[in-house]
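Novice: Please read through the structure below; I'll follow up with questions.
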Amino acid sequence: MGTRPRTKPHLLLLLLLLATRALVSSPAWNLAQGSPAAFGPVFEDQPLGLLFPEESTEEQVTLVCRARASPPATYRWKMNGTEMNLGLGSRHQLVGGNLVIMNPTKAQDAGVYQCLASNPVGTVVSREAVLRFGFLQEFSKEERDPVKAHEGWGVMLPCNPPAHYPGLSYRWLLNEFPNFIPTDGRHFVSQTTGNLYIARTNASDLGNYSCLATSHMDFSTKSVFSKFAQLNLAAEDPRLFAPSIKARFPAETYALVGQQVTLECFAFGNPVPRIKWRKVDGSLSPQWATAEPTLQIPSVSFEDEGTYECEAENSRGRDTVQGRIIVQAQPEWLKVISDTEADIGANLRWGCAAAGKPRPTVRWLRNGEPLASQGSAQNRVEVSAGDLRFSKLSLEDSGMYQCVAENKHGTIYASAELAVQALAPDFRQNPVRRLIPAARGGEISIACQPRAAPKATVLWSKGTEILVNSSRLTVTPDGTLVIRNISRSDEGRYTCFAENFMGKANSTGVLSVRDATKITLAPSSADINLGDNLTLQCHASHDPTMDLTFTWTLDDFPIDFDKPGGHYRRASVKETVGDLTILSAQLRHGGTYECMAQTVVDSASKEATVLVRGPPGPPGGVVVRDIGDTTVQLSWSRGFDNHSPIAKYTLQARTRPAGKWKQVRTNPANIEGNAETAQVLGLTPWMDYEFRVLASNILGTGEPSGPSSRIRTKEAVPSVAPSGLGGGGGAPGELIVNWTAGQQQLADGPSAWRRHPVLRLQQREHPALHALRGQDPQLQPARGRPREPHGHSVLCRGRAQGGPHQGLGQGHLILGDERDLGACAAGHERGPPGVRDPLLESWGQRSSCRPSEDSRAGDPCLRHRSAPQHQVPCDRAGLQPGRHWARQPFHQCNNHEAPASATSRQHLLDLLQLQPEHQVGPCGRPPKRVCSHRLQASGVFKTQGGSHTGLEAGAVRAPPSDLSRAGWKAAPRCKDIFLQMLYQNDLHPTPILHLTSKNWIEIPMLEDTGHALVQIRTTGPGGDGIPAEVHIVRNGGTSMMVENAAACLAPHPSAILSRSVLMLILIGYLEL
């Protein structure tokens, strides 16, 4: 009894030494102690399957294997699951990690190979590599029987390939090499069986046939020929046969994802059948749609799985065959294991998951062996499919682990290292801080994190006093000491003690208490307008032995004071002052600001809210609907009001190509801030528009909305006539009509005067008008009565209906007639019989032609002339503004035109004297000069409807001296002269046309009109006079004043000069 206490310490010491020696000698211990770069094998190269030709001249096969490991790995190999003997003298040699097989043979070396890499940490197994041997034997030497058939029948020649591995490709020869059978709709060579199919035979198919089979292997390619088989054809069978499918794809075709799938289908028939493919339970991809006997899917996927149908069809019928493609897949990892360090005695759960079709099974390996065979470890290790659970890890659980997923299509491996650690507590890497400053009244956390395995138990002491949890002191589960409401009495030395069954350790730090940091002047919330400046004050007190810094955040994001062009400035007067100044505040500067004053010990912060008010944000979602000719309906969504209620909305529009935004009139005129729709007024018909919306409040107008989609208003009747119609002068037999182009914005439709002008010619004896209608940019003669006597006026016409009279477009038009016709060839001296000059009859002239002897002579037609002169038949003649056009009767025989003679000199004089300032008078009377004259305002007067102004104008004739010079006599004043007024004010930019038969007119003037422009001219059947302009401006609050009353405009000097030059040329011509 007395000796037992003496022997027990020696026994305990011996057991401890043995345990320590075993622990230190283990790889896990070395790794835990920081042995340099100690880790288990990780494969970098693994063996691949190999196809080796049996007849190859190569003398060896090499399967590669290389792993990264520390210490370096050693290698072993298994064949068909049995470890190989790689000793000296063996045909199998180990070179590095590679396996070299000398003089390989199918009988001894075909099989499944695996590489094993090991080091002191553990062992891993490579994927499986299959070594196969390829071969292709010769065709049978026996002669082949001839194949007989009637011409017109289908026929199949069998290939009967010899034994082979792997698959072959096939071609057929006809009579001799290299006369290969072409691939066309009549011939087909099956790459599955090698057989040759001919859908319908003909005489060209007679001959001897040989099957060529080719094997493609890793190292070589081999081809063999069969004996020739003769094809004999009997007499032609003229009958037609419905299709009969002979080459059929199987009912089920299995394929792996990513592989190429080929389906074959070929039919006999007369006529040769057409092949079509379709997917019965889905749509066939367009890239695979084909009329060929094969359907190829280059990289099959699960979406391609389904039933496919081949249809063979000709005029006699159809035949079909169906089969299903079943897509499967090799295993593929979804979740893998990774290297893990765990404490001894802890629990661990590992998991892996794989996808595949069929669904893969999962098994586990440890150091290259099945995990279930590890003896006593089964009591602590649970394997459940993809889950591996450890309870109370021990040092022997350290090693290399592999998760293996496999199905019938393949096997995959995932490897990881498990290192179980057993360590005494160690503070060398994470000691307690030596100096621990803390603020008075604050809180401090002191961490204790020694390295230990298993986890150490932690105790804290202050001096010699062991600390326990209280209202101010807490030791957290991870060993951290927390002290709250710190005071000067908390200063001192604090020590952390850590202990586990492997040993114990401690670490000490000194707590120093400092004055707390406080905000003495906090920032105040503010409400400012856009563009204002603002200073947020922030002052603080702190422990004088420490540095104080200020930081500012806006909505929890730090403010960058160094940003170029920024709006923030920071005060730098004193260390205790951290004021923030915002220059020219923008809407984005609104939010919650936080000022934080901090030292290395503690910090203090205060918040303030800044509200920035500004103009509204842009409205959104501008939509145009209810499109009319001059109106549309706009709707939009409200934008941000930016903290100030929206007072009103403004609508703007722009047209192309000008692109300038202009405010438009609306209904209601003033759009209130709660509105989200309004009608736009006063638009121009047949015009492209874009619209946008602007919101306003008491702080201004915000950014505009994005532009709406472009729309086009509907067409309408033209509201304004072209101006400046005149005529006269020109070459013999011609009448010149001049006009002035108007503005494109006044066109009002796609067929308005600018694009489709209409020239109306009015008969002398009859009031009806006949129109020459223009197609952009030409005028064409009307279909009515083109040879009648005419005056002339111009009509502005849109697609909807006719508009007011006046000009065409900038340029001039010449209507003329060559009086006498020359003779045709073959005895035609004059033009067609009874041809009269109706245009010259308007001025008392007449012409006629003698009857023609040629019965084939053509009718008179309209000739148009420009520089250079060209002619077209009258039904296609175009009269284009800006060119000279001649209206001439001409005689046509045998597709040749008779030459025209000169017009009478008197008629030429009459036309030359008709200048642009003249108008053709109505009722056959000579034209007279008309103009807007003696324009005066009769004053402004009030009515119940608003202000009106009265204007009076008179039309006078030109002096008789001007008319006599042209050979005209003054005519009495016509009764059908009208006063035409074009009115435009600053509120209504679109001109308004007024027409009256009186010599005065009354104009409505709105209350808010500040300025108006009026153009007045006389107009009648003979055309328009020269306009006069009147400006009406408001004089005071209620009265209007007329300025710049126009007098009658005199002819332009250029017109007088051109007339004089033409007269001189004419006189010279007549004297000749």
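Glycine is no exception: its Cβ is also placed from the backbone N, Cα and C atoms.
So TrEMBL says this about it:
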type     : residues : note
COMPBIAS : 800-810  : compositional bias 'Gly residues'
DOMAIN   : 47-132   : domain 'Ig-like'
DOMAIN   : 137-226  : domain 'Ig-like'
DOMAIN   : 243-326  : domain 'Ig-like'
DOMAIN   : 331-419  : domain 'Ig-like'
DOMAIN   : 425-512  : domain 'Ig-like'
DOMAIN   : 517-611  : domain 'Ig-like'
DOMAIN   : 618-716  : domain 'Fibronectin type-III'
REGION   : 773-812  : region 'Disordered'
REGION   : 828-875  : region 'Disordered'
REGION   : 942-965  : region 'Disordered'
SIGNAL   : 1-25     : signal peptide
Novice: Out of 47-132, 137-226, 425-512, 517-611, 618-716, what stretch is closest in contact terms to the domain 'Ig-like' (331-419), meaning most Cβ pairs under 8 angstroms?
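Specialist: It is 47-132 that shares the most Cβ pairs under 8 Å with the domain 'Ig-like' (331-419).
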Novice: Over the span of the domain 'Ig-like' (243-326), how high is the average pLDDT in this prediction?
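Specialist: Looking only at the domain 'Ig-like' (243-326), pLDDT averages out to 91.
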Novice: Looking only at the domain 'Ig-like' (425-512), what are its DSSP counts of helix, strand and coil residues?
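Specialist: Taking the domain 'Ig-like' (425-512) as a whole: 3 helix, 46 strand, 39 coil.
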Novice: Reported in the order helix, strand, coil, what are the DSSP residue counts of the domain 'Ig-like' (137-226)?
Specialist: 3 helix, 38 strand, 49 coil
